[in-house]
Every structure is written in structure tokens, then in C-alpha cells.
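Listed in Swiss-Prot:
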| type | residues | note |
| --- | --- | --- |
| BINDING | 75, 76, 77, 78, 79, 137, 141, 278 | substrate binding site |
| BINDING | 264 | heme binding site |
| REGION | 1-33 | region 'Disordered' |
């Protein structure tokens, strides 16, 4: 009840013109007029639906467990969704590469930030797979054959674009000529970081000619002229703001990539221990060795120098 003499309580701005002053009492859930969906389109016989737009039928029909074990569905979906996230990461990285070549850095910043968020999604996905116990994995492992995430061609392209080049990693894809050719082109092209170093040179930093004309099929190696350029950027960030922001986007990206690798190792150790991987690698020891790979070395070295 409103005390005498007080002004009327303000009406809710979202209420209708004839809304009562009394508190609103929700209608029964079955009342179509209040359900919120009564004007939604319900007939899609002549138009595109949500499932049509997303091609959900082939996506949801792509899980084909080979074992009778209940947990294999988790294993399949974990890896399929990871491949979809990697597809997006590659899409954004290719666009970022093109923007950097064109000196259009603000769009590249957005794309690189998105890749870092994709990698965070991939890190969290390991938490779902980690609900699988060693005994559950052992029940389905014989059905995997020699298939292994080591053979993921999208992951290999991701490594190549980020600068971890290794021509031997083309061999698992020799039986698929189109994929092999695509990966070989990525191996021979400048990496993301190579393009950023070319950007440093275009902005007037004295980068060694041999670094600008390197063998792109080799993994990234530390270069003192590149570190000197980044040192100048970090010492005067306001004078080189775009390059400073680029450096931090790259550090964010590698940090997220390292976390993804680390979570992969710990999940493998949790589920299979130190058994050999299905693809023939040493398993967890191989994955631990990959933790030592540094994608953008000068950006980490410069932090010690500052």
C-alpha cells in the first residue's frame, strides 16, 4: 500500500500503456499470448531453418564409434570440435597474415585476439576429455588403430603458420595429395612471425638481410637484430604503439598456445600415463618435449633485457 500524500510509484518503462499498478503476476506457462514465442515462425517447409543454415544433419551424423564402449562418443566429439575450432583459428590467422602484409594492423589485432580466445576454448575442452578414466580409454583404444592427433593436418598447418616448421611432418599426409600440397605450400611460405618481422623492417628497423630472406621451411630462430627492434619498441611504446600492440598480441597468442599444449600433456598423462601414442610417438614424453618450442623467441628474450 502507498502511504497517503506520496507520489504514485513510477510505472515500469517496459510495461504496456494499460499495465496495472499492482505487481505483475506471471501468466501460466501454457498461455501462448504470454509465452514469448507465439509470433515465431514455426513452418520451415518453404524457408531455411536453423539446422539448414548450419548443415547440422551431416555434422551430427559424423560420429561413428567403432567400439561398443560408451565413452568413445566423448573421444570422437572432443576431437571433432577441436578440429572445428582449429578451422576458425586458421581462417583468422590467414586473414591476419594478409592484413599484416598490407600494413592494416588494427584488423589483424582483432583477428589475433580471436585466435587467442579460440585457443582458450581448446584448453578448456581438455577438461571434458579428462573425465575419461584410464580403464575407460583402454576399453576403446584397440579400435583406434594407428590414428592419432599427431596426424591432424589442420594442427600441422597451425604449427607451420606459427613458425614451427618441420618438413618431416608432411609425410603422414603423403597418401592425400591435395592436403600434402596445401601443407607444403604453408611450409614454404613465410610464417605469421616472419611477416611481422618484415613489418618491423618496413617501419624502419634495421633487420639483418639474412633474416628477411630466410629459408621459410626452417623453424624460427632467435635473431639479435629482431630482438634489438623489439627492445626499441618496448622502451618507447608510445612512439611505436601499433608495433607494441602487435608484440603483445603475439605474446598473448603464444601464451595461449603453450597452455593448450600443456593441458594436452597433462590430460594424456592422466589417461594413458607414459604409454606409446597410437600414432607411434613416445606419447607424453614427446608432448613434453614440444613444450620447449618457442614460437616468437625475441619477444620473450626482450623481457629479460628491459
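Including glycine, each Cβ sits where the backbone N, Cα and C put it.
Known features from Swiss-Prot, placed on the structure.
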residue : record                 : DSSP (3 states)
75      : substrate binding site : helix
137     : substrate binding site : helix
264     : heme binding site      : helix
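When each of the binding-site residues 75, 137 is scored by how many other Cβ atoms sit within 10 Å of its Cβ, 137 comes out lowest. Each of the binding-site residues 79, 141, 264 was scored by other CB atoms within 10 A of its CB, and the lowest score goes to 79. Here the Cβ of residue 78 (substrate binding site) has 16 other Cβ atoms within 10 Å, regardless of which shown protein chain they belong to.
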